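Input: a single structure, listed below in structure tokens.
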Amino acid sequence: MALRFEILGRFNRARAAQLILPHYECQTPLFMPVGTQGTIKGLTTHQLEDIGCQIILGNTYHLALRPTSELIDELGGLHKFMNWPRALLTDSGGFQMVSLLHLADITEKGVTFQSPVDGKPMLLTPEESIQIQNRIGADIIMALDDVVRTTITGPRIEEAMYRTLRWIDRCIAAHKRPHEQNLFGIVQGGLDPVLRDICVRGLVERNLPGYAIGGLAGGEDKDSFWRVVAQCTAALPEHKPRYVMGVGYPLDIVVCSALGADMYDCVYPTRTARFGTALVPEGVLKLKHKAMEDDMRPIDPTCDCMVCKTYTRAYIHCLVTKDAMGSQLLSYHNLYYMMKLSRDLHSSIVEGRFPEFVCQFLQKMFPQGDVPEWVCNAMEVAGIDISSCCAPFSWIPNKVEDTQNQEVKQ
């Protein structure tokens, strides 16, 4: 295995660790920004280093289309191609089964996509996915799995879970660089605890370098979401990294970290930046609003990022509706926020003050004490007392949408 995973501190299920990969020594919990085609839109790799980014995620499906994995390989791999000295993770291309379902046909052999570039059919098999990722050269590569939205019910969920287990063996057999790249398996099974358990046990038997929890953050209710995470983290090996795929709301990351997860990725921080929205401890701040046009405060007075030190809300408001610089500045700030959240999670666990950190986080986001019931339930399972953050009888029903989207009233 081309990684070392050393737990440095823990509080009940939460743990802080050092994840040593071929290109970088990472601290977990950690958030990975999504650089679909080898770039985080609007930001340079030097800026990403400055804000403390440890791992960037690249998309196998899109990189295989353009510029092609063969060209990336010829030019020395994705690290060299994009001038990124730290760690990389590539997904398998499987998520496109969901996001491009109208272009895909799934069989036991693999997934046939209609290319959005030229319309030609493209067959992605487990073997081809691994071969592409071997050429790209990321530190962590993901097995091709059969991805189904958690909002779907019926026999398709079971079919996808068993296919995922069959495909992992084909991925392992196809993997030609196990001493340089770490192949992670992905736990599927929808919201069915029996299927999730079968999948976990099947993957653990393969003794992989790390494991991901897949198929979530796709519209399921929050109570179901955290229960799947809790079930999987409890069953996965203690000495291996655990990656919850597609999770990027700060509240979700805090909850999942309390439940024992280590790694996260999502387009949310950069995508919401392009819509003029900033992440702040109280929730989100919408810079497009007219109230921002004469506001001379920084986005977040408590933030030490370059954007908050240099620019006002009024200036960014002027840009977000007219100039690409606005989304660039907000992307920088939002990723800085996510990296600082990751560092704060790590240090609070190592220093034995994780419950205090969670309470402070929740108090800022829910100053009225209206912490959602699903968060309260998850914290109870995680063994963290948040009673000081919750107003009596103020719990609100579970919602499909995430409470991180609450707007800050300024």
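Glycine residues also receive a Cβ, built from the backbone N, Cα and C atoms like all the rest.
Residues or ranges marked as substrate binding site by TrEMBL: Asp91, Ser92, Gly93, Gly94, Phe95, Asp145, Gln188, Gly215. Summarising the annotation, TrEMBL assigns region 'RNA binding' to 246-252, 270-274. Feature annotation from TrEMBL assigns active site, nucleophile to Asp265. As annotated by TrEMBL, Zn(2+) binding site applies to Cys303, Cys305, Cys308, His333.
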Residues from the same chain, set at least six apart from the ends of the region 'RNA binding' (270-274), whose C-beta lies under 8 A from its own: 33-34, 40-42, 284, 327, 330-331, 333-335
Tally of residues which DSSP labels helix, strand or coil - the region 'RNA binding' (270-274): 5 helix, 0 strand, 0 coil
Distance [Cα-Cα, Å, rounded] between Gln188 (substrate binding site) and His333 (Zn(2+) binding site): 33
Cβ atoms near His333 (Zn(2+) binding site) (within 10 Å, other residues, all chains): 27
Residues satisfying Cβ distance under 8 Å from Cys305 (Zn(2+) binding site), sequence separation of at least 6: Ile51, Tyr332, His333, Tyr336, Tyr337
Candidate nearest Cys303 (Zn(2+) binding site) in space, where candidates are the recorded positions Asp91, Ser92, Asp265 and distance is Cα-Cα: Asp265
Cys308 (Zn(2+) binding site) versus Asp91 (substrate binding site) - Cα distance in angstrom: 33
For Gly93 (substrate binding site), the number of other Cβ atoms found within 10 Å of its own Cβ: 26
Candidate with sparsest Cβ neighbourhood (10 Å radius) among Asp91, Asp145, Asp265, the listed recorded positions: Asp265
Cβ neighbour count within 10 Å of Cys308 (Zn(2+) binding site): 23
Which of Ser92, Gln188, Gly215, Cys303, all binding-site residues, has a Cβ with the fewest other Cβ atoms inside 10 Å: Cys303
